[in-house]
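A.B. asks: What follows is a single structure, and I will ask about it in a moment.
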Amino acid sequence: MFEMEKSGMSRRCGLNADSSQFTLDGKPIRILGGSMHYFRVPRAYWNDRMLKMKACGLNTITTYVPWNLHEPERGVFNFRGQLDLLTFINEAAQVGLWVILRPGPYICAEWDLGGLPSWLLRDRNMTLRTTYAGFTEAVNSYFDELVPRLVPVQFSRGGPIIAVQVENEYGSYAKDDQYMSFIKNALESRGICELLLTSDNREGFQSGGVNGGIIVPQRAKLVMEYWSGWFDVWGEDHHTFSAEDMVSVIREVLKQGMSINIYMFHGGTNFGFMNGAVDYGTYKPQITSYDYDAPLSEAGDYTKKYHLLRSLFSSYQSENLPEIPALQPKKVYEAVAINQHLPLWETLQFTEPHQSESPVNMENLPINDGSGQSYGYTLYETTIATGGTLNSRNNVRDRALVYADSLFIGVLDYKTQKLTVPNGKGDQKLRLLLENCGRVNYGKALNYQRKGLIGDIVLNNVPLKDFTHYTLDMKPAFIDRLGAVSWALDTSKPTFPGFFRGSLWVEGCPADTFVKLPDWSKGVVFVNGQNLGRYWPIGPQKTLYLPGPWLKSGTNQ
């Protein structure tokens, strides 16, 4: 039986790990947890996914908190709508799930820059995840906004938060032996009083731990991340993990009396431009889907893993598990006819151009009240008098479509660093449309994730100068402004890059569906202003998940 007291009521003793078994309020408890990130699941489906977790036998939900979404510009905070963390926590309580919160500030999570806001990188001396003053000042400002929201929903105050994780996997980074103590104090001094824990692999235990946190083997054991699958990167195979192999290991963990958290139990989606990347010598951006081969699929469907886990967890329950909730309806809609077209060049009027002698990386552009550009695309434009060999000197981050006036020349990226520019009839506009394909989220490269053109680009060995920069971050206001211009109705000979528009008619109540783009090249999809994420035919992802709540009855754009 799960009982959640009214907010504000005090309890005797929170989660305790001083013996070989956890206790909560003095009573033995085994944590059967699963990870689900509120920022990867449409708000309308939070409750649905939680009920499915509860029906599988879980008693705890864990979630990261992404700083870069909650403070997208320095000093501008957002805890509304999809980012209403307090509502997410309270919904978990109503379902009967305890909460282990992982507020970072670094979260990894296959999320752009591991959840750190890109405006931190405007400081050329920035050293992330250390006690460097520029970083700690920003963390303190963020925690001043975040932590007071969490204090009232801790277990000791009648809420569902039973534990809080200090940072994340710092043992694998460990650049500053004072840093973990700083984060611990930053949490506790603002009112966090529940059990603190860390998450590290075997090698990271000592350098990633913190005084007061759980250190095995002297105390109760919690497998903080048992990976149910793995993430995917563009251009490689989809990862899967045998359901039987997964469950056999979990069965053994439970036999040994341990607690466990399944990462991920429900992965969700990297909507928008928020996917991360890996770089162990080769940069590889992650795909839009965060399905993770998890027990609940990207769209919240049951899998073989779910049913095997439910059978296993049922033997650790004192009562029968709840009935499995019905699946959300799905529908195959008619194909959308793309009947309007708008060349990118005609949308530049909706951006504020910035002039500089040398190219400026995205983060240091003088926009967004001094916070720079975080995501999307930047167009770099300069005038050249001749053709020749264009060399990026590996300063393209991460991918550039190159044009002489409107003539497409080719792509510059990490592998291709030279292109031939044809001679024109006089001066030409050299245009480079740079895409930030996702910042690295794990490893030693975090401090080097500035995007756009991060240095000179040369033509015939001479650095190009006098650039005009156009920010194309594809925020909702920009997408809305596109409706104010006249779109071409003939799409038979379109100009690339460009915007393409069509309408989807939905009869009755909208249902979940998937968007497939056969014969399309590379880009992003917006539905009713919502950025579903990137598509790219190199795979492994072939469709984009479109949640029913983001559609409406009638016409959808």
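Glycine is no exception: its Cβ is also placed from the backbone N, Cα and C atoms.
So TrEMBL lists these for the protein:
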| type | residues | note |
| --- | --- | --- |
| DOMAIN | 21-200 | domain 'Glycoside hydrolase 35 catalytic' |
| ACT_SITE | GLU169 | active site, proton donor |
| DOMAIN | 217-314 | domain 'Glycoside hydrolase 35 catalytic' |
| ACT_SITE | GLU225 | active site, nucleophile |
| DOMAIN | 372-473 | domain 'Beta-galactosidase 1-like first all-beta' |
| DOMAIN | 497-556 | domain 'Beta-galactosidase galactose-binding' |
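Give me the structural setting of these features: burial, nearby parts and distances.
C.D. replies: If you draw a 10 Å sphere around the CB of GLU225 (active site, nucleophile), it holds 20 other CB atoms from the protein chains shown.
The helix, strand and coil residue counts that DSSP assigns across the domain 'Beta-galactosidase 1-like first all-beta' (372-473) are 3 helix, 51 strand, 48 coil.
Note on the domain 'Beta-galactosidase galactose-binding' (497-556): DSSP counts are 3 helix, 31 strand, 26 coil.
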A.B. asks: On the 0 to 100 scale, where does the mean pLDDT of the domain 'Beta-galactosidase galactose-binding' (497-556) fall?
C.D. replies: 97
A.B. asks: Distance between GLU225 (active site, nucleophile) and GLU169 (active site, proton donor) at the Cα atoms, whole Å?
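C.D. replies: Between the alpha carbons of GLU225 (active site, nucleophile) and GLU169 (active site, proton donor) there are 11 Å.
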